[in-house]
């Protein structure tokens, strides 16, 4: 930077294409305390103008004092000496002050990015749970977490990512609990990112995950601040970013995807009952179509005679093989689901009518599918909604087709093999060094919070598989 | 991260050994025993157990003495490089042939009972293809999978035991010694290689979290599976009587076809077959992996995992050699089990003697 104000101004104006860039604003004032010119630069669209007026312009015009620090009434004033950091600061919503005959610039944070208010969780509903969800503002999100966990060791470390548009990724963790190896690994991965722009958590997840081709996600995506803070408490790491109404939790295990936060808010029996139902739903959704194909094609002797007769008479006029029938319905169900997700709200009911008509009634009456297949597929589709986590949901939906294929190949023999290999695949995975099925196997000292959980008073340990520094939670 | 520690603990060893040996309860082994033991065959595992136990304990004692050595390394350390390698290669051959013979035996059971129209090589191929993919996932994953499926497999077996209980008649165990005590003892001793998998698993001695946990897991698993086997053989003896027991080819599947759950679910054998298959797949995975491992150790191949595929292939080829199931069972399997028994009883003894003479045991 030069001492010459005009020169600095011209350079900065050129950098930001002043004139062409409509919301890039500048204002010149003669300060009362020094009788020198001061220039303010900022984006008018991302700053709070009242704050500028009350906190900067008015004191400069009216107040007397020694230096800038004693005059400006806002919280923090940063000194900058190069244009790179000036540009960064203006981009992130600061106002930058250039002074006459001065080689340093001053930057004051007056950012006011627009965002939604705090609303209810949309995708992770719960009856007995707090109703706040993350929103698309980093500060609000951090505040939502801090509100739930008052600890001076709760760190919110910022790490800039992106070469062109720099955005901070905030790594939250509890300093004396978190495992340093995992933390270091996360920092490394963020450092190694070489990309122009990472807009939000959703893209960040794909940038830092370990196995992009895998069927299973290695980070947990949640929109509930209470869930995030309960993970933090156990020694997990949470990643937050501006522009995302959710956070990422790592390292994860299978159980993180299987559990819902409400299980812990419900009483012991109630929570475990809902987990049992979820486990059943999980298995039904994964296997029921495949088992139907395997049994009707290869092991029909297993079906009790009356039921067998019912199935046969229902299939009597259907021209297709069972596998084709099942695939037809499964694909239609996936179509309805995908279309239902994308359809504009006013048209919403249409999809219900069309879906119910085509899939439910017309297909059966036209003898394209048998009613039993409709039941089987509806059951498997319905059950897949009980697995609420979106990543696990996709895992199950894709695996289901693998199993149907396996079952059609050699009945229970290949289906059993496929399922075994599928489980072994899960068992062989690691997320940030943590075995995916632990603490089921391999076992670690933990509360063994797998399918069922213990009474909350008996949970003495943090999950041992993530190797927290402080493994004891209580007692 | 966390790469140094092994995820294998006592419980994984426990589950692995039980699945490996426990599968023999449900295949053709009991009918093999019934050929000579008749209604007293439930006593034969005890005799085999008594015969093999000193060797097993001796081997695990030696492994403990020579810390941080797996089976092949121990052989080389005690017997010298060349003789050690020869014995290890013999071990490899024995287990490879066991893999082939038992693989064929399984294939025939599957084919006869559930897929009568499918060609044998094809069923064989599917069985080994799945075992191959599982073995490729590595030892740790196999250990975890054994533990994860262990409960469900044993729960299904327990259910079967409960359901069959009302069919049993305790008096069928008499005469207590069947065809005679002498024959029982001789035949039981000959078949002591029933527990040969214990020697195979010793290969993983150093792969576990700690060797103490490994020993604990394997030996407690051994005790468990011995009791389970005796109990199940007892069930077979009391369900089928003196006259028919040696004519039952697949006692386990026979039981599953006997039982029902009320009047509605009458044919539930496929339900038990699922868990039986889980156990069988896991057993062959472990076999394939360990055979390749021993082979790799004998010929100094560090990266032995690519060997799994060729051994799976050769396993099928060798398994297809016997003309039919009957020859495979009654000639090959029976005489092979008898042949290898002296080897398994003898070689730990030899190791111990040599180590004693060399003065390593002080």
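Cβ coordinates come from backbone N, Cα and C, glycine included.
What you see is a predicted model, and the numbers here were worked out from it, not measured in a lab.
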Exercise. With the ranges B:215-236, B:237-258 to choose from, which does TrEMBL describe as transmembrane segment?
Worked result: B:215-236
Exercise. So, do the transmembrane segment (B:339-355) and the transmembrane segment (B:147-165) meet, by the test of 3 or more Cβ pairs under 8 Å (sequence gap 6 or more)?
Worked result: no
Problem set entry | Segment-segment contact (the transmembrane segment (B:215-236); the transmembrane segment (B:271-295)) at 3 or more Cβ pairs under 8 Å | no
For this session: Answer with yes or no whether the transmembrane segment (B:307-327) touches the transmembrane segment (B:147-165) by the criterion of at least three Cβ pairs under 8 A, sequence separation 6 or more.
Result: no
Seminar exercise, completed: Near the transmembrane segment (B:307-327) in space but 6 or more residues beyond its ends, with Cβ under 8 Å, are 96-97, 99-101, 103-105, 107-108, 112, 120-121, 124-125, 128-129, 131-132, 135-136, 288-289, 291-292, 295-296, 301
